[in-house]
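Let me begin by presenting the structure, written as structure tokens, before commenting on it.
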Amino acid sequence: MNIALLTSEIAVLVLGLLIIIFDVLIPRQETHRSLGYIAACGVLAILVHSMTQYGAAATVYQGLFVVDNLALFFKQLFLAATFLTLLFSVEYVEKWIQNSGEFYALLLFALLGMMVMASANDLITMFIGMELMAIVFYALVGFELRSKKSSEAGMKYLMLGAASSAIMLYGMSWVYGFTGSLVLSQIAVKATASPAMLLGMGLMLAGLCFKLSIVPFHMWAPDVYEGAPTPITAMLAMGSKAAAFAVLIRVFLIAFSDLQEYWATIVSLLAAASMIVGIVVAIWQTNIKRMLAYSSIAQAGYILSGLLAGNVAGVKGMLFYAVLYMFATAGAFAVSTAVKNHNGSDEIEGFSGLAQKSPLLAVVMTISLLSMAGLPPMAGFVGKLYLFTAIADKGYLWLVILGFVMSMISVYYYMLVVKTMYSKARDQQEFVVRGSLQVVAVISLLASLFIGIYPGPLAKLANFAAQALW
Amino acid sequence: MLQEFGNVGLLLIVALVFPLLALGTAFLLRPRDPGVEKSLPYECGVDTVGTTWVQFRASYFLYALVFVAFDVETVFLYLWAIKFQELGTFAFVEMFIFLSILLVGLGYAWKKGALEWK
Amino acid sequence: MNEWAYTAAFFIFAAVTVASAVGVVTKNDLVHSSLLLALCFVGVSGLYVLLQADFLAAVQLLVYNGAIAIVFVLGTMLTRRSIRHGTNHSEADAPSRLIGLISGLFVAVTLGVIATTPWNYSSAGAVQDTPAVLGRLILTDYMIAMEVAAVLLLAAMIGAIVLAKGVDEE
């Protein structure tokens, strides 16, 4: 056994435990802001450390836990997402959340769950990682104890999430019952297109689609995204989704790769439905978090379509898109957090005059939204290009055309937000932005532009990671 | 193994039949003379005041939650105890880590007053 | 004789499980529902015994009956309702009918799938001494899963304590 392979996970765990211990030992308030920064610094250090792990495809314990380039790519994505979230959440937590120490520690435990999901090569390890992430999010969604909406959202997410976990677990039990194995590569060997196998696969797909908020399993997303504390909404969109994609890629391209003719049609329909519903319904939203929730449903549809290619190019497109979506989401939610800290509301109306008060945040929001819409020269354009070329090669031209039309429509409602920001300010209150939030905004801005103009390095890395599967 | 469980099942049946038999006989033999006093709920001989269905404090629930977590932990401990000798130091270290993670939870619950009776 | 007793035991446990599960849904009183749920867990643990998964049966009783069912009952004790009747609505309105229909369809599909699948029957007999096998598995192959389970319990405990304590009135 090679403990060195697990250093990132162990470091995240120790960091989380330390934060809990500090929280208990340090007298209340005052120093608690530093806990957020300690966590952020720790995560950054782990992110830097994980760079050294590339290249070594190795497994721990008879292949039940793999540390390959694909897993590492996803882990770095989660680490980066958590780092950005921790940075821009400090002020929000101070203002709206009472249990700050627990908040940061639980966020790190969720990160640990995601990292386990990315590496899991058998259904049990995968499920436990997923449950760790999910249980933490059930709690964190309801963490804003003074807000009724937050508690309601937490309750909803718990109920529906538990149901989806049960469905997924039931699906796994069918797959295990038929193949007699829990390890993905062995399932692949024994999988045949029998009714039991297909039922198990369908149930697992439904459970995963819930986590990805793919239509028609998206019902929870708008309410939960709206009620949850804004940094948690951001993590749900960036982290939870990417982690579910990590599992989806491994399960469907390794364990169920021979059954592709059976799942391809369903997956293409799910992706198309998500693009349509996510983008059309978003037009009528007046709450920024609800709008971003619908937008994230559509984005999940775009990423999901990459699975249809079933080759390196498709997975590369998915990975590439997941990263750029992570940066765009971090930017958009950092700005939303700043606005909420300023005027206590999540309505799009509240953004009016942002361009006068804080030109930087307005620019960041604009770039992030346009990156999601996929306009050149932002990163989203290149990401969509990779995804669309990969699936067009496999004959899904109709999906490409649909995706293109839908992203054109999405520009409309993203522009509505931009228009609000550049309209006249309602009040003359001074707009104060904490330095750490500005750092996140600048990182997101630079990343969205850099990846858009010079996609080479990230594309190369994504390609490198995608090859780990074949 | 099933044979042994069959014995348990037999015991279960006896345990079910015995009280039913005793109560059934009493039911057949007793005189029937119902009254208001007799059908009142009996609690230490004092008449009950108000409804029996009152709201309990949330501190009960915190106990229950902590209990569930440690109840699940005992399942792992049991399995570890069976195999501990065979697997040696490595298993010991593993369980040590497992327990220290949960110990942090216990410390947290303690410090936050979840175990306090207020 | 043995075969006969086995079949009889299976049908008794199955009947207990299904009947109490139906009761959980249809009972009008939340406390009755939670107690029936406990009975349902007992039935399931009986089925585990018949599958020769003795340790799992014990865990089912220990965790589900000993802890989960208790938490359910405790949870109802925390509510402010003075009348228990109607705490667990089960009216035959349109949504419940629809859900009933979907559940029925799902059962039908499941049965169909079981009947039509060419199962690979394992020739190996039941595992003797299941706790030892499970113990070895979680301490070696599934070591990471076990440690993550500890973190899961910790996270669940912290989250539950924070949410159950609610806002501090300071």
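Positions of Cβ are set from backbone N, Cα and C atoms, glycine also.
As given in TrEMBL:
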DOMAIN    A:120-410  domain 'NADH:quinone oxidoreductase/Mrp antiporter transmembrane'
TRANSMEM  A:6-26  transmembrane segment
TRANSMEM  A:35-52  transmembrane segment
TRANSMEM  A:72-90  transmembrane segment
TRANSMEM  A:102-120  transmembrane segment
TRANSMEM  A:126-145  transmembrane segment
TRANSMEM  A:157-176  transmembrane segment
TRANSMEM  A:196-220  transmembrane segment
TRANSMEM  A:291-313  transmembrane segment
TRANSMEM  A:319-339  transmembrane segment
TRANSMEM  A:360-383  transmembrane segment
TRANSMEM  A:395-415  transmembrane segment
TRANSMEM  A:436-454  transmembrane segment
Positions whose Cβ lies under 8 angstroms from the transmembrane segment (A:35-52), at least six residues beyond its ends: 7-8, 11-12, 15, 18-19, 22-23, 26, 72, 75-76, 79-80, 82-83, 86-87, 89-90, 93, 100-101, 104-105, 107-108, 111, 436
Residues from the same chain, set at least six apart from the ends of the transmembrane segment (A:436-454), whose C-beta lies under 8 A from its own: 37, 40, 84, 87-88, 90-91, 323-324, 327-328, 330-331, 334-335, 337-338, 360-361, 363-364, 367-368, 371, 376-382
Outside the transmembrane segment (A:6-26), six or more residues from its ends: residues with CB under 8 Å to it: 32, 35, 38-39, 42-43, 45-46, 49-50, 53, 60, 67, 75, 79, 100-102, 104-106, 108-109, 111-112, 115-116, 119
